[in-house]
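Chemist: One structure follows; several queries about it will come next.
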Amino acid sequence: MKHSVHFGAGNIGRGFIGEILFKNGFHIDFVDVNNQIIHALNEKGKYEIEIAQKGQSRIEVTNVAGINSKEHPEQVIEAIQKTDIITTAIGPNILPFIAELLAKGIEARRVAGNTQALDVMACENMIGGSQFLYQEVKKYLSPEGLTFADNYIGFPNAAVDRIVPTQSHEDSLFVMVEPFNEWVVETKRLKNPDLRLEDVHYEEDLEPFIERKLFSVNSGHATSAYIGAHYGAKTILEALQNPNIKSRIESVLAEIRSLLIAKWNFDKKELENYHKVIIERFENPFIVDEVSRVARTPIRKLGYNERFIRPIRELKELSLSYKNLLKTVGYAFDYRDVNDEESIRLGELLAKQSVKDVVIQVTGLDDQELIERIVEYI
């Protein structure tokens, strides 16, 4: 049986990446620091996924195990030494924390003489996630390890899309997911092109697909959350049921469409349909997707290369409209949740410093016109 190592045994790891790996005949070693989840994976060796749609079918994922990377890093290194593929779904901010362990696993493959080509795919909500991870891993590799990695270890970027809401079940491994899923991998950085996963799309140039996903799904989702929170909505579905909010989301997506068409020459009708499907996904009545989940970590989401500021910058360069995105940025700066550290920190920054200084600090912008326009909406 083929073997995989997946970092992140959370809902997305189990409910999306795990499902695809299982369907492709892999044994999956889930790596995490959540001892409850790891114990359950080892005790049961399987878990169930429910598809949130009419009829709500279930999928049983088997041939799984768990490794606590904090307690047993040597087991992770051993698993990496023999594995056929590595994936992650841990969040962009956590990637640097697994880099040293990955590097040790790569060194172990080198010492063992395992020259089977291996690809490491960071399945995260970020542009260039796998290459970012590679830069972190390189910090811990020996000169020999670097040469080995250059020859045998690929870090192809990936774009992933599936809504997996925050949830709590009596069975800690059970997870509910939306029917839609999309996983796209770039081919030009694959070291093992013969290993092709079914239900995964492969593209020579991934950037248009990553930007289509991040600027459409992530920007649209976050827009739903920040405007929804402003109007008191507790779930994304509740936000979309407000015609005023839905209209604003559609206006943001229209601006995103103008950017994607101008930059990547996407077909207008196909993109309109893609955005229509996104709205329908947000309106899925079988999913309870809390505004607090989608809106969390606003400082990260207001970053220079993130889902709002990057498209705004590029729309401005193309002399295209971005006023609805600007309004959403204003709502994001205003978002507060006592359970979200970043939103609280954002409030503290705004209380201590001028709004302009906070905008510069959080967004990384130096375009004075853009900075002033954002300030107007806060």
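Glycine too: its Cβ is placed from the backbone N, Cα and C atoms.
Residues or ranges marked as NAD(+) binding site in Swiss-Prot: SER4, VAL5, HIS6, PHE7, GLY8, ALA9, GLY10, ASN11, ILE12, GLY13, ARG14, GLY15.
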Chemist: So if I draw a 10 Å sphere around the Cβ of ARG14 (NAD(+) binding site), how many other Cβ atoms end up inside it?
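Modeler: For ARG14 (NAD(+) binding site), the 10 Å Cβ neighbour count is 28.
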Chemist: Looking only at Cβ atoms, how many others are within 10 Å of the one on GLY8 (NAD(+) binding site)?
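Modeler: For GLY8 (NAD(+) binding site), the count of other Cβ atoms within 10 Å is 23.
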Chemist: So, three-state DSSP: helix, strand or coil for ILE12 (NAD(+) binding site)?
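Modeler: Assignment for ILE12 (NAD(+) binding site) reads helix.
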Chemist: What does DSSP say about SER4 (NAD(+) binding site): helix, strand or coil?
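Modeler: Strand, per DSSP.
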Chemist: Just to be sure I understand the packing, how many Cβ atoms besides its own are within 10 Å of the Cβ of HIS6 (NAD(+) binding site)?
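Modeler: Summing over all protein chains shown, HIS6 (NAD(+) binding site) has 26 other Cβ atoms within 10 Å.
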Chemist: How many other Cβ atoms sit within 10 Å of the Cβ of GLY10 (NAD(+) binding site)?
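Modeler: Here the count is 17.
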Chemist: Could you tally the C-beta atoms, other than its own, that fall within 10 angstroms of the C-beta of ILE12 (NAD(+) binding site)?
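Modeler: Around the Cβ of ILE12 (NAD(+) binding site), 22 other Cβ atoms lie within 10 Å.
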Chemist: Near SER4 (NAD(+) binding site), which residues of its own chain have a C-beta under 8 A away, given they sit six or more steps off in sequence?
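Modeler: Residues satisfying the criterion: LEU21, PHE26, HIS27, ILE28, ASP29, THR83, ASP84, ILE85, ILE86, THR87.
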